[in-house]
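**Q** My structure is below; once you've seen it, I'll send some questions.
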Amino acid sequence: MGDWMTVTDPVLCTENKNLSQYTSETKMSPSSLYSQQVLCSSVPLSKNVHGVFGVFCTGENIEQSISYLDQELTTFGFPSLYEESKSKEAKRELNIVAVLNCMNELLVLQRKNLLAQESVETQNLKLGSDMDHLQSCYAKLKEQLETSRREMIGLQERDRQLQCKNRSLHQLLKNEKDEVQKLQNIIASRATQYNHDVKRKEREYNKLKERLHQLVMNKKDKNIAMDVLNYVGRADGKRGSWRTDKTEARNEDEMYKILLNDYEYRQKQILMENAELKKVLQQMKKEMISLLSPQKKKPRERAEDGTGTVAISDIEDDSGELSRDSVWGLSCDTVREQLTNSIRKQWRILKSHVEKLDNQASKVHSEGLNEEDVISRQDHEQETEKLELEIERCKEMIKAQQQLLQQQLATTCDDDTTSLLRDCYLLEEKERLKEEWTLFKEQKKNFERERRSFTEAAIRLGLERKAFEEERASWVKQQFLNMTNFDHQNSENVKLFSAFSGSSDPDNLIVHSRPRQKKLHSVANGVPACTSKLTKSLPASPSTSDFRQTHSCVSEHSSISVLNITPEESKPSEVARESTDQKWSVQSRPSSREGCYSGCSSAFRSAHGDRDDLP
C-alpha cells in the first residue's frame, strides 16, 4: 500500500501547542526538550522507553527530575506529586499514591492516543484507496469525454456534408423542373405544329384524291370493261340497238353527264347550307357580342374598368377581323375553325358572366328568399323532359346527316377506279387512317361531354333568365305605379280597350295602341330600352321570335296587372291575330293571364332548346 504516512491527531496537536507555550515560559533543560519531541513523535513509545528514561533520569538528578515531572504534571492538570507541608521551611515529601495515579492516567491517555492513531491510519488508508479509485474513474471519464467530443465533431462534420449535399440536390431538382417545363412547352408547340401539318397534309391528300378521281373518270381504258349480268329487256318488248363504238361512247357520255349533274346539284346544296350556317354563326356571334357588351360593363366598371374594356375590345376586334376577311373566299375548314374558336371564347365569357350573376343571385336569395320565387319541381321536370326530347331529335338529325354524307362519299365507282385505288392505298395510310379514326372518336366523346355541360349551363341560364324577367316585370309594375296617376290611367285604358273591342280593322288597333306605347316608354325609360336591345340582339331564327314573344308577353302581363283590366276587355279581334301571323306585340294581347304565362313558358323553353345546340 505504499509508505506509511505520519498523520497527527488534532487533539494532540493542540496539546503540543499548549505544551510549547508553557515550556517557552519556563526555563527547560535539553533533556526536557528531547522528551517533548519524543512525546510528539509518531514512533511507538515501547521501543524507546528504556532509552528515554536512561537518559532522562540519573542517580544524580533524581530530585530535579521529580521536580520537573511535578511541574509538568501540574501544568497538564494533574495533582502535585509532593505532599503539602504545613510549614514552608519543612522539606516536601514525595506522595507515592499521587505518583501512581498520575502514571495510570498517563498510561490510559497513551492507550487512547494509540487507538486514535490506529483509527486515523486505517481511515487514511481508506481515503488513499478511495482517492486512487476516484483518480482512475476520473481518467476513464476524461477518456470517454475525449471520445464523445471526437464523435460529436465527426457527426457535426457529417451533418454539414449532408446539408451541403441536400442543397445541391435541391438545386438539381429545381434545374430539372425548369428543364421539364421547357421540354413540355417545346412538346406542346411541336404538337400544335404537328396538328397543323397533319391538317395541311389531309387537305393535300383530299385534293390529290379528287384529282386522281377526275383523271380516272375522264380517262378511258379499252381493255377493261364492265359487263351487265341478267339484262332486263325493255318494257315495250323492242330489241335494243346494236352495240357500237358510237352508242357506247354516247351512253357513257350521258352517264357521266348525269353523274356530274348530280354531283353539281349536291355541291350547290351543300354550299347553300354552308352559306346559311355561316350567316347564322356570324349573326349569333354578333348578337352574343351585343348581349355581352352592355352586361359586362356594369360589374366590371365597379371592379376594373380597364379589364372589361379590353375584353370587349378583343371580342369586337375578333368580329371585325372575321368581317374584314373574305369569309366566302376561305375554305370551309378555316372558316369553321375561326367561327368555332370565336364562339367558344364568347361562350366561355358568357358562362363566366352567368356564373358571377348566379353567385350574386344566390347571395341576394340567401338574404331574403320567398317561396314564390322558387320554381316548382314539376315545371323543372317538364322542362328537362322537353329538353331531352329536343336533344334526341337533334341526335336523329345528326345521324341522318351522317348517313347522307356517307352515302355521298360511298358513291359507286368503276372497276378501273377501284383497282387503281386499291393499288394506290398503302398500309401506312391505312394505319394512319385508323389512328385518325380513334382520335376522331375521342374528340367526339369530348364533344359530347362538353355538349352536356353546355346544355346544363343553358338550363341554368334559362332558369335564371326567367327569374330575372319576373323580377323585372315586378319592378316595372312598381315604377309604373309610383310615377303615374293610377285613376286617370285606368279611365284612359278602359276607353282604349273599348275602342279595341269595337273596331275590327288592324290599322285602327295600331292607331289606338300608339299613344299607349308612347306613354309606357315615357314612364319607364330604362327597362323597355333594355328589352328592345335584347330582342334586337337575338339571332333571326325561330328561337328569336319565341324570345320576342316572351318579352312582349311579360310586358303585356305587367301592364294588364297594373291597369286592372278584365280578360274580356283585353281580347283582340280575330282580324288582328291573322294580320300579325302569330307574332305577339304590344297591340295584340293574350286571352287571359294564364294564357300569357303558358305562352311565355313555351316560348322560353323553345328558345333555350335551340340554344342548347351551341358548341
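Backbone N, Cα and C atoms are what each Cβ position is placed from, and that goes for glycine too.
Sharing the feature lines straight out of Swiss-Prot:
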COILED    126-227  coiled coil
COILED    266-293  coiled coil
COILED    375-461  coiled coil
COMPBIAS  568-581  compositional bias 'Basic and acidic residues'
MOD_RES   S290  phosphoserine
MOD_RES   S293  phosphoserine
MOD_RES   S313  phosphoserine
MOD_RES   S319  phosphoserine
MOD_RES   S537  phosphoserine
MOD_RES   S541  phosphoserine
MOD_RES   S543  phosphoserine
REGION    293-316  region 'Disordered'
REGION    567-615  region 'Disordered'
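A description of the local structural setting of each listed feature is requested, covering burial, neighbours and distances.
**A** If you average pLDDT over the coiled coil (375-461) in this model, you get 79.
In this structure, S290 (phosphoserine) is part of a helix by DSSP. S290 (phosphoserine): 16 other CB atoms within 10 A of its CB, across all protein chains.
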